[in-house]
Amino acid sequence: MSFLRKKSFESVKEIGSSSGLSKTLGAFDLILLGLGAMIGTGVFVVTGIIAAKYSGPAVMLSYAIAGITCIFVALVYTELAAMLPTSGSIYTYSYVAFGEVFAWMIGSVIILELGFAAGIVAAGWSGYVQGILAAGGINLPKELTTVPTNGGLINLPAFLISGFIGFILYLGTKDSKRLNAILVFIKMAAIFVFILAAAPHFDATNWSNFMPFGFSNVLVGASILFLAFTGFGTIATAAEECKNPKRDIMIGIIGSLVLTTIVYVTMAGLVTGIAPFEQLNNDQPLAYALTINNSKIGSAIVATGAVCGMMTVLMMNVYGTSRIFYAIARDGLLPKSFAKLHPKYDSPYITIIIFASLAAILGGFCSTELLTQLTSMGALIDYITVTIIVVLFRVTLPGAQRPFRCPLVFIIVPFILIACAYLLFIQIYDGEFNLLTAGRALIYWFITIFVLYIIRSFFMEKEQN
């Protein structure tokens, strides 16, 4: 078994330049893609949960800590993405750096980071849609809006939106790019409306107990809020569809991440300033905060923007996952049918169908609490891996062309590794070093994925012999 077989640096660059995917994306498209992938469930849904359970008004600090860490990660991510413009992103970087088995395991991390996140987003989208319908006097049956573990049959809106997004992506990047741009502008307009509507109602007394659960829980909140930033890595998966990947990826990743961090900190500060943080643990915290301040029109606009915003996040999560698994199949680690491009739309339609279906199943039938933690943990593992690979390539590939070099890499890298490792650790173990449910689930996940790799390798060797 060739567990440690590696891909060569040169072969990856050659495949990336002749993949057959349509090259339709520029720098501005990538910034919109990044904003579309990030600004959604985090700010519109998870903000309230983190404020109520972990951080209080200091959720602003949780966002700032997660955002600053991600900006540093983005610098090392950009160096790799510019060196190796490939749809495989972190999977391909791992294949070149560490070999096949590690790349396979990282592929499973992508399912956690983007695939599971898609189900969370679909569920969040459903919550806002139900709120809008309820405001208009339309109440959907609980059986069709609630997952089985909470007493329902299916979260049907979450299931259906996943199918719709899969269909849009099936049509290729040209149509999905256009829809993403429209939805991003609507989403950003709704955020601007929230700021204007919330500012007059700001009450500093809501910040009087600024850090009610202590700084340690602010850090726990930050570790979970990595979920809100996971989309920036999606930009790297679009490398083979960029007109000028070496320049555009750098602009797209760093530009969208800085803008997103500013938006998150601002929104978190305002929502906890206009409503008691204890009341924000609901499906629509931003709309709810405006409603209790008698800003019903603003609430309706924000809810509409949230619906559009989460559609873009769902779209980019399915998009990113489908591109990475297209690359995995192209390398022969999955059936070759997964690497088929649609004859008309040039989209990897098989992987799009698979991961849109995964989002539909998770959003329609699963509770999101554990999924949220697993998604955050997947993102942290991704960032740790990318950071290690950048340092490794600096040593093993010193002469490789680097259109972008991460500045102060030997200062930034230790910061990223320490921060991400700690934020990952506190989700796996509690203060007394007891294994938490999320940590146990992560261990079982990796054991299962490794066993599947052994089985796959056994049958492939048998076929070759």
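Count begins at 1; order follows the chain as displayed.
Positions of Cβ are set from backbone N, Cα and C atoms, glycine also.
TrEMBL lists 30-51 (among others) with the feature transmembrane segment.
Annotation comment: TrEMBL describes 58-78 (among others) as transmembrane segment.
Taken from TrEMBL, the feature transmembrane segment applies to 90-112 (among others).
According to TrEMBL, the feature transmembrane segment maps to 119-140 (among others).
Annotation comment: TrEMBL describes 152-172 (among others) as transmembrane segment. Residues 22, 118-119, 122-123, 125-126, 129-130, 140, 142-146, 179, 311, 314-315, 318-319, 322, 342, 345-347, 349, 352-353, 355-357, 359-361, 363-365 of the same chain sit 6 or more residues outside the transmembrane segment (152-172) yet have a Cβ under 8 Å from a Cβ within it.
Look at TrEMBL and you will find 179-199 (among others) tagged as transmembrane segment.
Residues or ranges marked as transmembrane segment by TrEMBL: 219-239 (among others).
What TrEMBL lists as transmembrane segment is 251-277 (among others).
Counting residues 6+ beyond its ends, the transmembrane segment (297-320) has Cβ neighbours under 8 Å at 33, 35-41, 43-45, 89, 110, 114-115, 117-118, 121-122, 124-125, 128-129, 131-132, 135, 161-162, 165-166, 168-169, 176, 179-180, 183-184, 186-187, 189-191, 193-194, 196-198, 230-231, 233-234, 237-238, 284, 286-288, 290-291, 352, 355-356, 359 in the same chain. Summarising the annotation, TrEMBL assigns transmembrane segment to 297-320 (among others).
Per TrEMBL, transmembrane segment is recorded for 377-396 (among others).
Within the chain, the transmembrane segment (408-429) has long-range Cβ neighbours (under 8 A, six or more residues past its boundaries) at 65, 69, 72-73, 75-76, 219-220, 222-224, 226, 373, 376-377, 380-381, 383-384, 387-388, 390-391, 394, 435-436, 438-439, 442. Per TrEMBL, the feature transmembrane segment maps to 408-429 (among others).
With a cut-off of 8 Å between Cβ atoms, the residues of this chain six or more beyond the transmembrane segment (441-459) that come close are 1-3, 101, 104-105, 108, 112, 333, 370, 374, 377, 428, 435. Feature annotation from TrEMBL assigns transmembrane segment to 441-459 (among others).
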Please give the sequence-distant neighbours of the transmembrane segment (251-277): residues at least 6 beyond its ends with Cβ less than 8 Å from one of its Cβ atoms. 27, 29-35, 37-39, 42-43, 47-48, 51-52, 56-57, 59-60, 62-64, 67-68, 70-71, 74-75, 77-78, 81, 191, 194-195, 198-199, 201-204, 206-207, 212, 225, 228-229, 232, 235-236, 238, 285-286, 288-290, 292-293
Pairs of Cβ atoms less than 8 Å apart decide it: which stretch in 30-51, 58-78, 90-112, 377-396 has the most with the transmembrane segment (219-239)? 30-51
Sequence gap of 6 or more, Cβ distance under 8 Å, 3 or more pairs: do the transmembrane segment (30-51) and the transmembrane segment (377-396) meet that? no
With the greatest number of Cβ pairs under 8 Å to the transmembrane segment (377-396), the stretch among 58-78, 90-112, 119-140, 179-199 is 90-112
